[in-house]
Amino acid sequence: MTGKSLRPGRALAWVAMAVFVVVTVFPFWWMIRTALTPAADIYTDNAGLLPEHPTLINFTRVLGLTTEAEARAAGGSGAHINFAGYLWNSVVYCSLIAAVQTLFCAMAGYAFARLRFPGRDLVFAIVIAALMVPPIFTLLPNFIFVKDLGLMSTMAGMVAPTILMTPFAVFFLRQFFLSLPRDVEEAAILDGNGPWGIFWRIALPMSRGPLITIGLTTTVWAWKDYLWPLLVGRDEENRLVTVALGVFLQQSPNTQPDWTGLMAASTLSVLPVLVLLIFMGKRLVQSLNFTGSK
Amino acid sequence: MSSTKPRDDRRAAWWFLLPVLVGFAVFYGYPAARGVWYSVTDYNMLNTASYVGTENYTKLFADAKFWNSMLVTAWYVVLNIGSQTLLALGVASLMHRLTRSVVLRATLLLPWLVPNVTIGLLWMWLLDTNLGFVNQLLHTFGLGPVGFFTDETWAMPTVAGINTWAYTGYTALLLYAGMLQIPQYLYEGAAIDGAGEWRMFRGITLPLLRPVLALVLVVSMIGSFQIFDTIAVTTKGGPVSATQVIYYFIYQQAFKYFHLGYAAAAAICLALILGVLTAIQMRMLRASRSDLA
């Protein structure tokens, strides 16, 4: 920023940055490139940045759009794969959790921040103490509980542990509601609003930023979920994308894995979050300023 | 403060809290208590659990596999946190001194958005011994091939490296957010005094970033102790038990051998470690908040 002496240094810094970006992005490029390569070519065509004979067959076969014979001819195992269905399941799973959890945690966060009632601080402390409990610890008993309830292999069983709350979301939203100006609230009371009216008409609209932030991060985490959906969502009908990828990998145990199919499926698992990043990139980036340091 | 009588929103408040309290009681409180109970029983999902006292714990502490999984996890945490934090600090400083581009930041965030399962698969392909891009690259330099996942000494560094790749951008952005809070005039003043970039980093950035850096370090450590997905997809704890981390140990005890009581006891040991780390994290959160007030 000052003087000419910094110029070579800055150039070097940009080069370092560029190297880091290439290392970050290149694996994704290679994933898509492989997904567009015919299975028969992966032994011979592995030098160029683009495939020699680009094809969409890997996508159509993992989406379940080809016949089994066609899929097998294109290098698949012939097992039925339906990533369109798994993607849909993942979208339902994420949307349910993000929407419902955000609403409920906002309600609780608001109550802990703005309402006055006996025992408030104690109840809040108890809820926040759950931050100390690692997921693996509640996972085993929750699994048995969901099994006893007869909710195995159902969407209800899959979303059950997280749809109502996470301690972090309550903590995060309470922090925000604490900073709402008091006079707006008092004006609303004078207008005849009760707590629900203030929450719905004033607090929520004023908190769009933090609500979107927590909703987005919840969506991302839900999209990445693996262990719980693996345990509870075992059936084909409610399998999520992440679980399906693991199953797909295991379907070709003895020979070389079906790399072109796997990379097509992997690409599909990235696409929705990529769309999210393109449209909400700025929000997501800003959300780190929120959650990171405060 | 000025109102005549203190407001009491008792009735409304419990309605506001109802869903969260139900969720807390049913899926956090109750299972936590159940977990403690299972850890002193011989429960295996088929029998009714019967009390066995501290048997699970004494067995656990004598179990070489358990201690090995603790050591493997510690090795992973050191490798992963070390490389990730250093790299992230470097990237964040570069960004801080070069650009505020949102596009660049969003690009760095990409790997964090992707499921660990996808990342595992992607790197299995890139690091495949015969056809993988990396081994082909090594071949052109006259090196390799390296069995990244199949060689006992390489497996853990490989997994740690993959997760470093996946999370460095995210960590860098957290650190970058912290750096943005450092007043710009400090750098301007230092520049006038003729300080170079390295001196500014050591004299201004690093000391003022310390609270944020410490918090990010603790949060990443908590995450690292819980590595599972990447290992479940790539190495499955192998070769031999080179990547048998504690999470995978617990998972196998519970869902492969159905030793639920035993798994619960191991989970409590992990919970204790993570509890200490989380307590540190909470104190830091509180500390950083009072700084702002």
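Glycine is treated like the rest: Cβ placed from N, Cα and C.
Note that the structure is predicted; figures quoted are calculated from it, not measured.
Copied over from TrEMBL, here are the features:
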- A:12-32: transmembrane segment (TRANSMEM)
- A:87-280: domain 'ABC transmembrane type-1' (DOMAIN)
- A:90-110: transmembrane segment (TRANSMEM)
- A:122-146: transmembrane segment (TRANSMEM)
- A:158-177: transmembrane segment (TRANSMEM)
- A:259-279: transmembrane segment (TRANSMEM)
### Summary
Tertiary contacts of the transmembrane segment (A:12-32), defined by C-beta under 8 angstroms and 6+ residue spacing from its ends, are 49, 263, 266-267, 270
#### Entry: For the transmembrane segment (A:158-177), distant same-chain residues with Cβ under 8 A (at least six beyond the ends)
93, 96-97, 100-102, 104-106, 108-110, 112-114, 124, 127-131, 138, 142, 146, 151, 203, 207, 210-211, 214, 218, 222, 228-229, 232-233, 238, 240, 290-291, 294
### Task
State the non-local partners of the transmembrane segment (A:90-110) in its own chain: residues 6+ outside its ends, Cβ under 8 Å from one of its Cβ atoms.
127, 155, 158-159, 162-166, 169-177, 199, 203-204, 207, 211, 214-216, 218-219, 222-223, 225, 229, 240-242, 272
